[in-house]
Amino acid sequence: MRLIHRMSKRQTHTHTHTHTHTHSNSLSLLEHTRVCTRVSIMFNLHFLCVIVLLVSSASRADEDALAAAADDDEGLLANPVSEFVPPAEFGTVRSACKPVPNTMSLCFGIGYGEMRLPNLLGHDSAREAQQQSAAWMPLLSKHCHPDTRRFLCSLFAPVCLPGVTAPVRPCRGLCEAVRDACLPVMSAFGFPWPEMFNCSRFPDGSELCVPGEREPNRGEATDATKGSAVCEACSPDSGGEQEIQQNFCKSQFAFRLRIGSWSLVGTDVRVVPQGRSRVLRWAGGPREQRAAMEQSTLWLPHRCSCPALEGQHTGSYIALGHMQNGRMLLRRLLKWSRDEKELKKFIRMLLRQNC
């Protein structure tokens, strides 16, 4: 009985408080009216009365609107969210370039710094991609194929290219090569080849895609380039150093770099440096340099053969070129064939030129 009595008193108090609040609003408006009248009589400021009454009425209207909104919120909360928010689907999130996190062991340091999200597996955040990619680290330790990491990262952390608004998919040849080599290893541990890695989903090479390191159009001359003229930028080693010296000051940029990969894109040769390149010369402004360095891509226009790109991409290169339509075009590309000491000496000689 004592508990019931207390609850009754509490309910009565709540009702009284609500009634008092409503009554106080009415009194407040009445008091404002009286104050207005007195002030307008004393100072002949009738407009002040109008302003006060308008503010009071607006405040009262806002309180009523908030109360109505609260009632509506109660109704919304009672309904499931799915009735108002459609389920998220892959492709509905706006694509964006994000840094490859250093905690993403599978892909950090692979040769590019930014990945496109959502990725090709539907992961919207770098954190989600990092967590899901960690499960594939043991496969790398099996060394079933040299391009396993390249293939996996093309899915979990697609490279972000300027002018390309969608993730660049792996080439079908890359997928099939990794699948054929790694599937027996996975099967031995009871794992099938995942459907999300279905190679038929990927382009056959006729459009922009990520090829394998061992594919013909990356390390050797293909039928498309075999017998064609040597690219103007790809000088023979014998005269390469002299041409670099003669064209150093004439070029908009000069880099010392290592080459990670190259591929044919239409009629052009696309060269992707590996790691960080050293800028030896840049004739443009800092904003243009920053935008160019973010591309991490050099281009040889027109289909041609380049001896400097054939074989293994080991050692250092010296590259000269200029900007054209937002792309870094190569004018000279020299693969350094002597030791590191001689290369440093050559670079010091270049930097001493009065450009």
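Cβ coordinates come from backbone N, Cα and C, glycine included.
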Handout entry: Candidate cysteine (CYS144, CYS153, CYS199, CYS209) that TrEMBL pairs with CYS175 in a disulfide
Key = CYS199
Problem - Disulfide-bonded cysteine for CYS153 as listed in TrEMBL, from CYS97, CYS107, CYS182, CYS209 - result: CYS107
Problem - From CYS97, CYS182, CYS209, partner that TrEMBL gives for the disulfide involving CYS144 - result: CYS182
Fill in the blank from the handout: Least Cβ-packed of the disulfide-bonded residues CYS107, CYS144, CYS153, CYS175, CYS182 (other Cβ atoms within 10 Å) is CYS144
Problem - Secondary-structure category, per DSSP, in which CYS144 (disulfide bond) falls - result: coil
Problem - Tertiary neighbours of CYS199 (disulfide bond) (same chain, Cβ under 8 Å, six or more apart) - result: ARG172, CYS175, GLU176, ARG179
Fill in the blank from the handout: On the domain 'FZ' (92-212), the mean of the pLDDT values is 90
